[in-house]
Amino acid sequence: MAKENQTLPEFLLLGFSDLRALQGPLFWGVLLVYLVTLLGNSLIILLTQASPTLHAPMYFFLRHLSLVELLYTTDIVPRTLADLAFPHPRAISFWGCAAQMYVFIVLGISECCLLTAMAYDRYAAICQPLHYSTLMSWRACMAMVGISWLMGIITATTHSSLIFTLPFPSRPVIPHFLCDILPVLRLASAGKHRSEVSVMMATVVFIMVPFSLIVTSYAHILSAILAMASTLSRRKVFSTCSSHLLVVFLFFGTASITYIRPRAGSSVTMNRILSLFYTVITPMLNPIIYTLRNKEVTKALWHVVKRQVPSP
């Protein structure tokens, strides 16, 4: 990171301080969404752990995805709520900013990889049913989850080291509510162009490669579905994939718009709105989508509720 004989700058997070009329509604809205996110993802983790019907590989990945969502929002939202409670921009230390970005990247890349693993699981179940138990063995699932976290750690270490060794002004202002990659990188005093190109290339790779693998998996799945003679079988197979597909498009859609969109076509307000969506809203929607659109999760939830509520 930064050299020890240099004075480390203190960043100033703009947050939503320039939109004071919206700070109150945003505070309560973000707080409500955060509480729902904590409840929903915790429920998914408990259900997939406790219910014997949800011990399949798909729900193993879903449990880790929910864990990522919990940590992801907790890395961002408490600080955002604290900033929304004050009318003026608040400072964040150099190491505080670096830590937030590091965790943010680890969890973002891990989620990309987990969504890819879940797509492969659906491919193996539908297109390779006879080899499913071998392809998706317990060891294979553990390896996929381990690689997901490892890729996140490697990417975060590389990006953070690259960005936070650059020289910054004495009191740089980040036009954002979090220490995101591009807003921080663009504040660097020198060497930022080469670093920005490197970071952008890596970001494109980690968005487009997993998304391409997911699209390829679902192309094979669609082909298998169309080859099925029974309409009932088609509906059943599609229902097992629809939840994951919806989550994939929510995550990769907002991420690609945020990080791959040309800089000339971006604005500070639009960047904050998009970031608010994928850091706050999407983690809340994921457990709702999986609960409402997945019959096995719904059944397991109702089973738990019936066990807890005594019959009259």
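Even glycines carry a Cβ here, placed using N, Cα and C.
Curation plays no part in TrEMBL annotations; they are all automatic predictions.
Annotated features, as they stand in TrEMBL:
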- 40-290: domain 'G-protein coupled receptors family 1 profile' (DOMAIN)
- 26-47: transmembrane segment (TRANSMEM)
- 54-72: transmembrane segment (TRANSMEM)
- 92-120: transmembrane segment (TRANSMEM)
- 141-164: transmembrane segment (TRANSMEM)
- 199-229: transmembrane segment (TRANSMEM)
- 241-261: transmembrane segment (TRANSMEM)
- 273-292: transmembrane segment (TRANSMEM)
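With a cut-off of 8 Å between Cβ atoms, the residues of this chain six or more beyond the transmembrane segment (92-120) that come close are 1-2, 8-13, 58, 61-62, 64-65, 68-69, 71-72, 75-76, 79, 141, 144-145, 147-149, 151-153, 155-157, 159-160, 163-164, 174, 178-181, 184, 206-207, 210, 213-214, 217-218, 244, 247-248, 251-252, 255. For the transmembrane segment (241-261), the neighbouring stretch richest in Cβ pairs under 8 Å, chosen from 26-47, 54-72, 141-164, 273-292, is 273-292. If one looks beyond the transmembrane segment (54-72) by at least 6 residues along the same chain, the residues whose Cβ comes under 8 Å of a Cβ in the stretch are 37-38, 41-42, 44-45, 47-48, 103-104, 107-108, 110-111, 114-115, 117-118, 121-122, 125, 136, 141, 144-145, 148, 240, 279, 283, 286-287, 290, 296-297, 300.
Taking Cβ pairs closer than 8 Å, the transmembrane segment (273-292) reaches residues 30, 33-34, 36-37, 40-41, 43-44, 62, 65-66, 69-70, 72-73, 76-77, 80, 176-178, 180, 243, 246-247, 250-251, 254-255, 257-258, 298, 301 in its own chain, all 6 or more past its ends.
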